[in-house]
Amino acid sequence: MIANTEDPRVKRSRQLIKDAFMALIMERDFESITVKDIAERATMNRATFYAHYVDKYMLLEVMFLELFEQQLAVQKMDHSTFNTDTLERLIMAVCNFFTSVKIGCHKISSSVMSLMEEKIISRLAQVIEGIMEQNTGAGGAASEENKLTVIMLSWSIYGAALQWSRSSSLSMEALAAQATAGILNGAGHLCGNTENKK
């Protein structure tokens, strides 16, 4: 049973666990770190760890999502308007997320990162969907077209930021502007004049 998150003692214990995990991840590969290692570094027993997290993967997921939420807050997302500025700030939020992960969690393998990818993209989709709903004033279930749009936007934003984090000479701002233009214009410029090819 997971502990009550509102209890101050629970918050302190979770912070100790997170601090211990961050210290360990700077020293060793994620795969080699055990719950026992984390608990010992946090000066608690494994039972206390399991009262807060199912396993180390859940701990990593929680920390990644918290980090992503921090980057969204930094960009001060305006949930009332969906425009180019909104897209650029979403891209910069993901770029900053990757930068933070690279600095603080550089010993996490690509296979583990791929497990976290789905969580971040899912959260990104929720943010986009929320902005779209407030922008249109629509409630209830989203249409299939809107769902597809949200999925495409989420993956496009994530993919652009991921590629930038791996190798790019562009500044984050330049990447955000370039990627936004690409997302909005689509691949039309690659298709040529389709009318003349019919």
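Every residue, even glycine, has its Cβ placed from backbone N, Cα and C.
Database features (TrEMBL):
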- 11-71: domain 'HTH tetR-type' (DOMAIN)
- 34-53: DNA-binding region (DNA_BIND)
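Within the same chain, residues 1-3, 10, 13-14, 16-17, 19-21, 23-24, 59, 62 sit at least 6 positions outside the DNA-binding region (34-53) and bring their C-beta atoms closer than 8 Å to a C-beta of that stretch. For the DNA-binding region (34-53), DSSP puts the residue distribution at 12 helix, 0 strand, 8 coil.
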